[in-house]
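What TrEMBL says about this one:
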| type | residues | note |
| --- | --- | --- |
| SIGNAL | 1-21 | signal peptide |
| DOMAIN | 105-463 | domain 'Peptidase A1' |
| ACT_SITE | D121 | active site |
| ACT_SITE | D336 | active site |
| REGION | 471-527 | region 'Disordered' |
| COMPBIAS | 503-512 | compositional bias 'Low complexity' |
Amino acid sequence: MLLSPFLLVSALAGQVLPAQALESLQLTRQPTRRTDPDENVRLAWARDQVINTRLKYRSLLDEPGRERLARDVRRHTDEIERLQRRAKRDGSNADIVNWGRDTQFTAPVTFGNQEFELVVDTGSGSLWVFVECTNQTECGGVPLYDPSKSATYTALNSAGDFSIQYGVGTADGIWGQDAVSMGGESHPNTTFGEVNHSTEWEGQGTNISGLIGFSWPGAGSLIQDKEFVMPLWYELAKKWDNKAFSMYLQRETVTMNSTQEMVSMATPGGVITLGGWDPTYFSGDINFVDFTAAAKQNLAYWQIPVEGASIKGKALSIGGGGKDMPSQAAAEVMFDSGTTLILGPASQVGQFYDAIEGSFEYPQPGSGNYMFPCDTIPHFDLKFTFGGVDYPIYDNDMVAASYSREYLQSFGGTGDKFRGAEHWCMGAIAATEDSSPPWIFGDAFLKNVYTVYRADPPSIGLARVNEQVNNTFQGDHPTRTRRARPRAERAAAADKPSASKTGADAGKTSSASGGGSGNDGEKKDSSAARVTVGAAVAFAAGVALLF
């Protein structure tokens, strides 16, 4: 049965969870290609990001858009294979032919009595976990779910097969049900995919066992092409008084130090709060921006209108949705924690780089990537406007990866493009020729704001991140300003009354389009469950799901 948008929202009404202490779970970080010492690997990583995100949203494209995407995938495949040959020639054993291995945010999710690390993705709605590994390259060493060890498991033999396409690969298996919990919140009969075969996942040696989607049901999976599988957050929200979840993504960025060497945060992470928001992680008001009428009619992704953008004080035109949409229309932005970069229409993305001296489009047809001299950092002053409020982006978050001049010139055919600087940065804002979706804001933006995803009314709240808990920059170096507390210390703190989480101190809210209320922020979110999120590596476009 396909639920209408009205029924999706109204179905969230239900009983209220009893008050409970916040629960935090400490996570760890795994290596990433983004800061690999091999420049071939770093270039392959950066080039993967654009094509994988386009593949993720392929179902939204018109026929010309699909044809352009297929053409660019073929070009991209050839380019990545060339990089693999270069790496082998240079004596590197690095694995480059890998679709979408990336730094992602993961959280522990429990199936029955078995806990696994899953990628957290607000850009998809599916939930799946590995139950069998038939190819060691794909999943060797990955923790596997064993249905026979769960007393609450139920096989769904009549539901047909489970299959999801991501990037150029697939995850296949069957449907099952079990009691699934996250951050102390549980749903008894959660439907999910049991994956027993995958291609192009290449997750050998990681601890990532699958993915948990946080989008609306419309972006999730269908059973036998006729019935949506409800995301876990949606089922849990039926019990919440405050039908919202929120995310703080702790900065794990690539930046440049004074010697132009790659540096990276040692312990990235963040927090997901279920059933509300945690004022520890933001300052000021929460600015709620309602979905447009069109988005409300098709509840699939978390998307809101963006009012404008500026760089170096110059206003940019980002209206409309690309060359096939009217320029006077408000640009729609999808918030996607499973995507690293910011993607937008090619006709509009070029404006950002026009303001950066020495920048140019990466010399590969249809690439969508731009290069600029790394020594132009930090002078961008990039801002996006939502609900009448400007949200600045750290200059270093504009860097996807960096490369030496000698490496880039070794490809030949680049002329004098790379002659002006010793080190070159690939920008975190990339372009796509596709007509839809218009803009996708991944972690490059989301690290700069505290986001609240509210179901009723459908809206996204934004607040400035509390810099006392964020990773900030001093000079050219990133500085970690908050230590991770031991579990015992966090538990003790959760049991004590906290002035910052009660009454007016809980964080005031506003609404950009009449969908919010100042009273929302003054309500104590005592039922909220907090889950600490860690950055990990998702292999083979594991988050680039296609629906």
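Any Cβ shown, glycine's included, is placed from N, Cα and C.
With respect to their backbone Cα atoms, D336 (active site) and D121 (active site) stand 7 Å from each other. For the active-site residues D121, D336, counting C-beta atoms within 10 A of each C-beta gives the highest total at D336. In the three-state DSSP scheme, D336 (active site) falls into the coil class. D121 (active site) carries a strand DSSP state (E or B). Summarised as a single figure, the pLDDT of the domain 'Peptidase A1' (105-463) averages 83.
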